[in-house]
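J.: Before I ask anything, let me first share the structure, which is written out below as structure tokens.
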DNA sequence: TAATTGTTAGCCAGATTGCCAATCACGTCG
DNA sequence: CGACGTGATTGGCAATCTGGCTAACAATTA
């Protein structure tokens, strides 16, 4: 139900933003391409491009030769018109992985800087740490402060956008109310916060196995916990308080109460994987090591993968029954270490347990999925803000 | 990302459709009201209304007196511009309820006809039965065949819109591929098919307890089966093959394999309710009778409701963990019979089991929720089609 | 030569502002 | 108590302005 109404000014703004949207999507387009895409006339396209070029949002990036007539100019969105920054924060935990990974991308999506830091948030204020990281990103890439239009934060927790507060975080200091607005004020940018698993799903949709799917669920098997992201037609399901996908806490039904109350975290969380490894004589001190060891020598791991798969299938069966996704993606360090062996085991286990058939796949993203997803999310935020600002301001 | 581009014709169409959208939503508006809502100038509003009136979509329904100046004309969408029909089909089963309930509503949403029929689909072709019902609706309301723009069908099953086929239906004859297109061709209307529980959720959103909620889950406790509808911001989640919410088939985790594989249907389905009633000495031959008896004399039912609630909570805990809805609505005959007693029991059971807190409520719709939801769904389809046709045809 | 690119000129559709007549409520005066 | 003036409001008309379109044209390259 479009309720947009207005005068010719609205029209001009709409046409400009439509053209910009196409340029952002396609990358490089000639006037003739835009004419076909927007169904506008040549003079109008010229006028729109003239205005967008004047505003610094669009530039000529090349010429299309080899055909009769003058070489057509190829227009593209100006990479330096706006930047998006992404910061992925995680608890250091037992692994030696850096606790802050950050990257900066220009409007076209090319990564211009990336840094990794170990930050001890017990002794460092998140606010100053994040501001410093973003400043360092800017220096590395040589970008002015005003250039960054959006900073996307990824944390292992949920974000309540109404209260502007991060909840269910383990990293010290991040749960403080008022933190996010303060950072936004200090950086003078819009700031977005999202769950790390959600952001991994964004990356999966843009560059992974879920590019052409109308909806999918991503099960994240991490070193400690597990998480679920739900993508419905490209938008993520967050739930009332950002708690959608917290299946780690999903209680499992016990027919008689002699069993103590167990949830899915007890079944497939890091500790459970470790214990399962011990039971089957698979070596390794961390869940990742255990799964890697089992995957490299599947014959010696015995029933390790089938049993792990059976447990994963318990959670996936519930997810599939509720959501009926066309694709289920296994991601996270444990899933990636398990690889094809784990995938095969989970596929058979789910086929046995779940009422509906869903394709199951392992992520194809080798890089830091959370960071890439944060970058993608920040980028789309920047693009949408640009398009909206054209529609509103140029009135 | 709006990519709409065009010339002044698009503008006119947009303004007309915006005005119509407001008129459909608000009911009766003066020119001044529309001026405020659309932010268009007086001459433009006049022109738009003139065109809409000429097209027969809008009429003057009254005059606004009691204020200085001439009595302002009150415009409203013409009720007779289009009609929507709704047909709810269910298996007769053990109850004596009619198997086909149908209604007809005009564009403003007032019900103009309703009929109920018992149809034996073992000996009657669904196609002819449905065509007859719609014809009867038309006669009762005195509406021409072309007046009906949309027929909404509600069935206990799922609809695959790509294959245009109904799946997982118990009612004989409805699973036949090609049935829906044939009915659409015979009636010469658009036809929509949806799951009955989904439609009940539509009604709940429009006239029930879920009017102001950003998303909710509706658990349907029927005479036989159970179902789940998921509303996210007003749109229903259907899943890849229309199988979202089929939690009846959700398998339950058994810690050891000595228990046979049980799913949620075994736990809270009609048969389970009957058995539970027997165990607690609650009289009744159908699940509805059992629950009604228990609700009228809660003291004599003992642990019936707490135990039933515990079982319901098993399913709801999974739903809440996956979706984090801000509201969970209990609906369907069994839930309505259980009333406040059941609600209280379920609330405490869920609070104990589920990781997140969700408000739980019982439906407030006394009428046939599925039928009303189908009517609402058909009506919005008609309205959107009207608005879209203005935007496209008046070019 | 033919096809293609991009510009300029004139035209047209549609929305806006400003102006005006008509209408009604309300207070005041005869 | 009734008639009348005042002010607010409605709705129409004319003039203006913005913006996109068609058509013609110059320029360029296979």
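Glycine is no exception: its Cβ is also placed from the backbone N, Cα and C atoms.
Annotations per TrEMBL:
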type: DOMAIN; residues: B:16-60; note: domain 'HTH marR-type'
type: SIGNAL; residues: B:1-18; note: signal peptide
J.: Below 8 angstroms Cβ to Cβ, which residues of this chain, lying six or more residues outside the domain 'HTH marR-type' (B:16-60), approach it?
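T.: Same-chain contacts beyond the ends: 72-78, 81, 107-108, 383, 386-388, 390-391, 394.
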J.: In the domain 'HTH marR-type' (B:16-60), how many residues does DSSP assign to helix, to strand and to coil?
T.: 32 helix, 5 strand, 8 coil
J.: Quick one: mean pLDDT on the domain 'HTH marR-type' (B:16-60)?
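T.: Across the residues of the domain 'HTH marR-type' (B:16-60) the model's pLDDT averages 95 on the 0 to 100 scale.
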